[in-house]
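*Asks:* Could you have a look at this structure, given as structure tokens, before my questions?
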Amino acid sequence: MALFNTPSSSLLQTQNFFTSPKKISPFLINVSCSKSPSQPTSSPSPVDDNRENEEPKRRLSQQSSWEAKDSEGKDYLYRLGKEADNMNIAVGARAGVVDSLFAGNFLGKDSDIVFDYRQKVTRSFEYLQGDYYIAPLFLDKVVCHIVKNYLAHRLNVKVPLILGIWGGKGQGKSFQTELIFQTLGVEPVIMSAGELESERAGEPGRLIRERYRTASQVVQNQGKMSCLMINDLDAGLGRFGNTQMTVNNQIVVGTLMNLSDNPTRVSIGQDWRESDITNRVPIIVTGNDFSTIYAPLIRDGRMEKFYWQPNREDIVNIVHRMYEKDGISRDEVVSIVNKFPNQALDFYGALRSRTYDRSISKWVDDIGGIENLGKQLLRRKKDEKLPEFTPPEQTMEALLESGHSLIREQRLIMETKLSKEYMKNVDD
């Protein structure tokens, strides 16, 4: 061995190493293990033979992804970062995806640090308290569309992904849909027309795809039905007169068309991978006039259209359920509907709300008047309670008076057009 071929001075230093408790010096090791250039090459040491016969290093886990390499020699983290635009949001610390050392028990087996954030996008409708009436025709159409999309892979027919509910203003399109979601236990992702435009090109289209994938993750991770709902679609995408079509309008239309054609392959900018299959979830949109929307988007096969105009029986049943807790009988509701015909459903809700005005004015006086209003509402002490508010007693006389007041306001808006007075050079 090389140890016994060293000069005497080096051998002495080596003996001192074994007998002295002092810390070893790297220089002494280099000297004691060095060979003279004039000496012949020695045979391989037993230590080198043991290293050659040594077993490969044992992996930390049979399911560990950190040590896995692809055909190009790239590890899991490199591939994951290339496939997902945000590694933390796309994966988190989920068991079976990352090493168990990092997914530990103190955060839970499936600890996804951002899933609570994604959950906030969904709506649970806990604020809908009370017994409301759902029109049977409306219920059948929405339920049928949801079920058909969840069974699309088993049906030998082309199922439209989008249900377009359109009709007059204030007819309860969004509210009836939310009541159905609450009844079915659906947790939808809801968007508005205000999110269909942005100062950055492509942002609304990407947002739609992200919201769609979020609804798909609710189905996959929580086992609950979900869908994407866009309110007032024509307000964001419709063409009215000389309105300008922007790049974002075109991208949003193209995004919805692509989702209708490929509902299980949705990209938000990451590289495609075979395992990235999105669960198909239905899309429901509402609007007033779909004739203003790009025609290929609303064609049959992509969008199933449903015109909602409640009949007299639906209006009476909805309004009676609204006034039932106030002690208003069905016959009285019928007389109110007859007194104010051709009104939208929201008119009867505003009518009931108008009856609260006098009671609220009296309550303001009870808490000290308008001078102390801000102090009482916002800057009161934690243990200090506001005076109890007593709702007004609903009577036919009060409801009819409120109804006539609302009708007068409607006529004033239509008849008194101050724009003509201020801009006389503008034609009708």
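Glycine is treated like the rest: Cβ placed from N, Cα and C.
Predicted, not measured: the structure shown is a model, and the values here were computed from it.
Here's the feature list from TrEMBL:
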REGION    33-68  region 'Disordered'
COMPBIAS  33-46  compositional bias 'Low complexity'
COMPBIAS  48-58  compositional bias 'Basic and acidic residues'
DOMAIN    165-309  domain 'ATPase AAA-type core'
DOMAIN    312-410  domain 'Ribulose bisphosphate carboxylase/oxygenase activase AAA helical'
*Asks:* What are the DSSP helix, strand and coil residue counts for the domain 'Ribulose bisphosphate carboxylase/oxygenase activase AAA helical' (312-410)?
*Replies:* 69 helix, 0 strand, 30 coil
*Asks:* What is the three-state DSSP composition of the domain 'ATPase AAA-type core' (165-309), stated as helix, strand and coil residue counts?
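*Replies:* The breakdown for the domain 'ATPase AAA-type core' (165-309) reads 62 helix, 20 strand, 63 coil.
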*Asks:* Please average pLDDT over the domain 'ATPase AAA-type core' (165-309) for the predicted structure.
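*Replies:* In the predicted model, the domain 'ATPase AAA-type core' (165-309) has a mean pLDDT of 90.
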